[in-house]
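Novice: Starting off with a structure, shown below.
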Amino acid sequence: MAEQELEALRKQRLAELQAKHGDPGDAAQQEAKHREAEMRNSILAQVLDQSARARLSNLALVKPEKTKAVENYLIQMARYGQLSGKVSEQGLIEILEKVSQQTEKKTTVKFNRRKVMDSDEDDDY
């Protein structure tokens with residue numbers, strides 16, 4: 001917990017220094033981003049139980065873009081009243097699988113063979 005508090009204090013101090021020496025418009029943008037992040041976190045805290053939040057935060061470390069998509073999906077469902085109660089870890093896993101299927105990327109491998117002036121006749125074994 002102390003590490004998180006230190007990080008929060010560092011961010012706050014950095015924001016104060018930037019506001020003091022930077023553009024006032026820049027500080028307003030940062031404040032808006034900060035408010036939006038707090039709003040997102042409060043909504044997610046209301047719709048996810050503790051184990052699901054832990055899984056989502058672990059996923060955020062590895063795949064932030066997928067986490068953002070899942071968070072947006074959960075927030076949208078909460079705003080339209082499609083969630084009944086808190087989402088459990090198993091429910092979050094199902095949502096993650098749905099998002100993975102929708103955003104599945106197909107990997108193609110293309111071999112580029114170069115023609116080299118090499119003959120096998122000169123090989124000495």
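Heads up, the Cβ atoms here are built off N, Cα and C, so glycines get one too.
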Novice: Which of these ranges is annotated region 'Disordered' in Swiss-Prot: 17-36, 77-96?
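Specialist: It is 17-36 that Swiss-Prot annotates as region 'Disordered'.
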Novice: How many Å lie between the Cα of K63 (N6-acetyllysine) and the Cα of S51 (phosphoserine)?
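Specialist: Computed Cα spacing between K63 (N6-acetyllysine) and S51 (phosphoserine) is 18 Å.
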